[in-house]
C-alpha cells in the first residue's frame, strides 16, 4: 500500500502550486513590474482571461501583426485551472481535427523557449496507452487508420517494447500499447509566462489585476469593456475566462453550458527504482484503470478519472457563482474517491506500493457537456468569441490560440473544427443537462471509443419532436443537437439493446430491412431535427445571391446550395426554397443549425441587407416519405395533384394532407421518389398516423438515419461534415453542378474558386467498393497505394444492393480514375478497394428521365461522376 503518511493530507485545504520550479518565485516577482502601467482606450481585440489559452491567443494575434491586442485578467496569470494542471501533452486525440490542434501545440512548445528566452520545462519522453482487453486492441487498430494520414507519429507496440520503455510495469495483463513519440508534459506556469513574454514582445498589452465588470455591445458591433481601471472600446471580445466564463457570459445574457469539475492527482516522493532509471519514463495511460501516470522528478505523478458515481462536480458555482477571490486555491483532497484507481495503479506499477505521497492536488477544471471546448464566434451576439470549456487546456492552448488567431484575422477557420463550435449548444442546453453530461463525460474519459457511439445521460432534452412518444418504444434513438432521432427500428424478437462494436452489430440486419422498405415499397422517416430558417424582406434575394454559389431558385422551386468561405471552401450546404416572391425557406442539418445561422446573420449585417431572418427550427416538424409507392400513399390523403407533370422534382407547394397544412418539397436524401413534409410541430403525431394508416396496402414502414446513410451513399449524395466542410472546396468534392461561377452575383468565395479551378485540383472525391468481411468503413480511414498512405475515406456503409462495403474517399487526382485499385485500412488490415463510376444506384429522377427517353435504366450503372439530382 501507499504509505499512510498520505492520509494525513486528507481534510487539508492545500494551497500553492504543487510543482512550481524553484526559480518560479523569482520569475513571479518579476512578473508584476512587467505588467505595463499604460492603459488603452481602444483595442482591436480584448481577451478576457489570463490562463494558458487566453495568453496563447494574445501571443498568436500579436505575432501575426494585429495591433492593439489587450488581455485582461482578474487576478494574476495562470490563476484558475492553469497553475495546478498536470501539464500533459500528447499528439493523440480520437477526433480527426483535434489532432491538428495537438500537433500545433507541441510544435509551438518545442520552439517557444528559444523564441522567448523563457524556460518552459518541456519533457518529451513519449507516451503509451495500455490495452489489457481484446476490444481495446481493436480500438487501437481503429485509431491507427484514423491517424496514418496525419503528420502524427503513432504506433501499436508489442508487450516486449512496452516493457523496454517502461520497465517498472507488471506485464501480466498487457496485450499491446499505443505509442506516441514526442508526447510528454510541460510546466503550465512556465509555459504561460513564456507565451506572455512572447505576447509582450510582439506588442500585446497584458493587464492584471483587471477584472471585467461590464460588457456593453454597441450598435456598430463594437464593445465597451469596463474594468475598475477604466473602459476599453473593442472591435471584438474573446471570453477565455475558464471557470469564470459563465459569469462573463451572463453579463450579456448568455448562459454558457459549463461546469467546474474537481480533478485530483497525487505526487509521490522519490522512488529509488525511478531514480535509478537512465532515461525518463514515458507518460502512461492505463485505460481500464482510468488514470494517467508520469514521472515527476524522481517520483511519480498519478491522476485518475473517477466514475460518474464518485466524481464531484462543483455545482454550487453554477448556481451561486464562483466565490469572490478564488484564484490559486484548491479543494480539500479526498483519497477515498480515487482509492479504486490507486489500487489499480499499484497492481500495474508495483513500486507505487512503497511510495510516500507528498502532495495531493484537487483543483477545478471546466467541462462542457461533451468534454470538448467551445471555440469560435457565438451566434446571436456580434463579435463575441469564446475559448472556454477546456478539460485539457494545456495541450489545447497552443493550437487553439493559433486556430482562433487565424480565424479572426482571415474571416474563416483555417481548418474544419465543427466539433468545437460553441453554437452546437442552444437554449435546450439546460443546467440539469450540463451537469448530467459533464458527470458522464468525466466518468467516461477512458472508455472504449466506438464508432456510432451513443451516450445516454441527460436524455431526452426538452427538444423532442412531435413523434418522440410515438416512436421511442420501437426504435433505437440517436442524439442530434438536442433532438432524439431514430437511428434504426426493431421488430418483435429482435435484439433491441445498444451494442456498440467496431464490427457489424445487432442493427445490421434491421437496417437492411429498412433499406428494402424504401427501395421496394415506401418508408417514413422523422426529419424534424433539420435546422429551418425563414428569410424575407426587400433585400432577401440579393443576400442569398451573395451567400450561395448556386443560382436562386424560382418561386415554387427548391435547389441545393452551398455557402463558401472567402478561400472557396464549403462552409455549409442547405436547401433553398422560394415560397413566394422574396420569401425563402432554408433547410440545413441538425448539427449545423446555429453554425449556419450565425454566418447568414453576419453576412446580412456586414452587407447592410434589409432582411428579416427567423429561426423556426423548433416550431416545425418534418416527415420524409420515400419509395416507389410514396406518391400513391400521399395521393390518398390530398386533393393536390402529385403526378410528375403537376408536381415536379424540386418543386415546393403548400396544401393540406388530411386537413393538416403542410409545405411539401419533392426531394429525398434517399434518392428515391419522395417528399419532405413541413408542418406544425404539434401536428406531427396525427400526420404520421394518417400516413401510416393510408399506406397499409402498400406495406408502409419506418426507416431511420442508418438506412438513410446507406441509401444516400449508393446515390453518391455528399454529406456536409464528411465529404465537404471547411477543409474542402466544392470542385474537388464533385459539386460542380451546384456551383455557378458564371452567375452575375459576386458570391463569397467566387474569386478564390476561379483561382482554384485555374490552378487545377490536387485531389478528388471518389466512390469505392471495398471487399471486407465483417467490418465497414465509417470515415477517416487511411487509403493505401503501393505501400503508402495516399488519402482518406470520408464516410462509408454497407451497400445492401451489391453486398459490399461502399465508401467515399479523397485520393490524388492521378489515382482517381474509375477502375483504379487501392486499399482501405480497417482494424489493422488492408482491404482491396476499387474506384467505381458513381452513382452506384441511379436516383429516381435520373431513372425517370432515362425511361422517358426510352433508354435502359440499370439501377447499378451510373452515367457520370457527378450526380444530377
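Cβ from N, Cα, C; glycine included.
Residues 573, 574, 575, 676, 677, 678, 737 are recorded by Swiss-Prot as (6S)-5,6,7,8-tetrahydrofolate binders, and the candidate that the same record lists for that site, out of 669, 706, is 669. The candidates are 161, 250, 278, 402; Swiss-Prot tags 161 with the feature N6-acetyllysine. Feature annotation from Swiss-Prot across 427, 536, 754, 852 places N6-acetyllysine at 427.
Of the residues 100, 141, 762, Swiss-Prot records the annotation N6-acetyllysine for 141. Cross-referencing 275, 474, 648, 653 with Swiss-Prot, the residue annotated as N6-acetyllysine turns out to be 648. Put simply, of the recorded positions 52, 84, 677, the one whose Cα is nearest the Cα of residue 469 (N6-succinyllysine) is 677.
In the three-state DSSP reading, residue 669 ((6S)-5,6,7,8-tetrahydrofolate binding site) counts as coil. Comparing CA positions across the recorded positions 52, 74, 427, 648, the one lying closest to residue 786 (N6-acetyllysine) turns out to be 52. Comparing Cβ neighbour counts within 10 Å across the modified residues 84, 648, 786, the minimum falls on 786. Cα of residue 74 (FAD binding site) to Cα of residue 669 ((6S)-5,6,7,8-tetrahydrofolate binding site): a distance of 51 Å.
For the pair residue 573 ((6S)-5,6,7,8-tetrahydrofolate binding site) and residue 107 (N6-acetyllysine), the C-alpha distance works out to 34 angstrom.
Note: the CA-CA distance between residue 669 ((6S)-5,6,7,8-tetrahydrofolate binding site) and residue 82 (FAD binding site) rounds to 46 Å. Of all the recorded positions in the list 84, 312, 390, 393, 677, the shortest Cα-Cα distance to residue 107 (N6-acetyllysine) is found for 393.
In the three-state DSSP scheme, residue 107 (N6-acetyllysine) is classed as helix.
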